[in-house]
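Engineer: Let me give you the structure first, and then I'll get to my questions.
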Amino acid sequence: MRPEDLARMSVAELRERFLDRNRALSPECEAALTTDPRAGAREVLRLILKRRHANRAEGQRLRHLLRYEGELWDGGVTLVAGVDEAGMAPLAGPVVAGACILPRDYRPRGIDDSKQLDRRERERLAEDIKANAVCWAVARAEVEEIDRLNIYRAGLLALTRAVQALTPAPGHVLVDARKLPELRLPQTPIIHGDALSLTIAAASILAKTTRDELMGELDALYPGYGFCNHKGYPTAEHFQALERLGACPIHRRSFQPVREALGLAPLQGELFAPPPESAAEPGGEGAIAGIAPGSAPCDVAEPLPARTPASARGI
């Protein structure tokens, strides 16, 4: 398109071509819009430049989120996994971990730590991640395991199970904040990893959306507690329900507010003490995987309800 053609287009036509259809604007046409006497035409240019700036900023942000992955890729590690968990603080329900391996060219717009996203964005991104990941998995540690091991070690168990459910297996694992002692794979713990690594952020979204969906299902089994609203977290609504109804089977008996509701004495336990020899079974229950076509699924007991498997993409 020539600059003189712009003068013959209405403002509505300019909007439709350059904003709605996102057609490229040449430097000559950009200069012509700068001096266009119509305020509406200049506004179209302002919006074009604003979107261009936002796209560049998003591209830079995503490149920044891939610096850990990039170092590993450049070092010859092809399959880099990220893993994160959701549900450490709630008074009820399991802790759920998500893990995934992403293609090198995958740049999901808007991805961030799951806590920074609203429900609709998390769900949109979760479906996109599952559709584009090399492989993905979610796993959980049940309430009984949380009460037996404590929440910290149960979180490690869920994280380990999620990574071990990935097929193909990763060559390196990026973990949010912690190291997984039962995982015999190279790994890098990253403080605030869900805000600093794209792959961990993707895993956090898988964990959060899976757990939220599960708590909605548990709300139907245990009505009156409001699990579909607070997801088991310690809110005023949850405390009122505990006082009114008492604890239900998915409440964590090792957590003090639940023990108070049951009239039990406080527990005195060392949070970071090594788990019993028989307690850690990382490859055990509670894992499902999204698997690249052609790979054998992981054999795990008591899986979560089946989810849509991931599609393979080149790395």
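Using the three backbone atoms N, Cα and C, a Cβ is placed for every residue, glycine included.
The annotation divalent metal cation binding site is assigned in Swiss-Prot to ASP84, GLU85, ASP176 on the grounds of sequence analysis. Residues annotated as compositional bias 'Low complexity' in Swiss-Prot: 278-292. Summarising the annotation, Swiss-Prot assigns domain 'RNase H type-2' to 78-267. As annotated by Swiss-Prot, region 'Disordered' applies to 273-292.
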Engineer: Excluding ASP84, GLU85, ASP176 themselves, which residues in that chain have a Cβ inside 8 Å of the centre of the Cβ atoms defining the divalent metal cation site?
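Structural biologist: Neighbours found: VAL83, ALA86, ALA97, GLY98, LEU159, VAL175, ALA177, GLY193, ASP194, ILE200, ALA203, SER204, ALA207.
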Engineer: Neighbour count, 10 Å Cβ-Cβ cut-off, for ASP84 (divalent metal cation binding site): what number do you get?
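Structural biologist: I count 31 other Cβ atoms within 10 Å of it.
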Engineer: Enumerate same-chain residues with a sequence separation of six or more from GLU85 (divalent metal cation binding site) and a Cβ-Cβ distance below 8 A; give 'none' if the list is empty.
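Structural biologist: Long-range Cβ contacts: VAL95, VAL96, ALA97, GLY98, GLY155, ALA158, LEU159, ASP176, ALA207.
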Engineer: Among all protein chains shown, how many Cβ atoms are found within 10 Å of the Cβ of ASP176 (divalent metal cation binding site), not counting that one?
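Structural biologist: The answer is 25 other Cβ atoms.
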